[in-house]
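*Asks:* Before I ask anything, let me first share the structure, which is written out below as structure tokens.
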Amino acid sequence: MKNRQAEIIKHMNPRELLYHLYLSQIAFFVIGLVLAYFLFNSLESIKQIFAWQPVNIFVIGTSVALIVVGADLLLMKLVPKSLLDDGGINEKMFQTRSFPHIILLAFIISFAEEFLFRGVIQTHFGIWVASILFAALHIRYLHKWVLFISVVIISFILGYTYEVTGSLWVTIWAHFLIDMLLACKIRADYLKNNNKWKTGVVRDGEQ
């Protein structure tokens, strides 16, 4: 069933993937709101998870993001590409997106997912439940053990960061930076390769 769902996602075109992404993030946010309504005692207790901690947000959050992105880039150099291949889904999603659109998508994803998994689920059921559910969310990685282990580790890192700081903004910022930087790399690589191809065509035409 999970492989079948992954195959369906794999064969979507960029527009369908974008629609699926927006729909899933809206669903996560709505589920988070519904669960928050039943699990939190008051609006004040919800406000507490959004504690504004500038130093933690921009120092700890940024550090966590840079470590994760750095490790991911290192993994790309050391591990065979076949083990990191998600079927080209991320490339299909981000390579033709504008940078402002990528930033918007990264914010929507980070806010919706962190609110549900860290802010609501982890606050009430603990880091293990939240992290395992977050990892299980990435069904397309289940048959790619390197990718799945990476997601599990990142999930626990974000969960531990929330556990230590108690501020959802820290993990939202870290998650945002991770997604935004890696997506921008996909876009930049695409533009670079596209320019090389165009340059090659022009040169071949001049000969």
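In case you wondered, yes, glycine gets a Cβ from its N, Cα and C as well.
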*Asks:* Which of these ranges is annotated transmembrane segment in TrEMBL: 96-113, 168-185?
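*Replies:* TrEMBL lists transmembrane segment for residues 96-113.
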*Asks:* When you scan the chain for residues with a C-beta under 8 Å from the transmembrane segment (119-138), skipping those not six or more beyond its ends, what do you find?
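*Replies:* Here the qualifying positions are 32, 35-36, 39, 49-50, 113, 147-148, 151-152, 155-156, 158-160, 162-163, 168.
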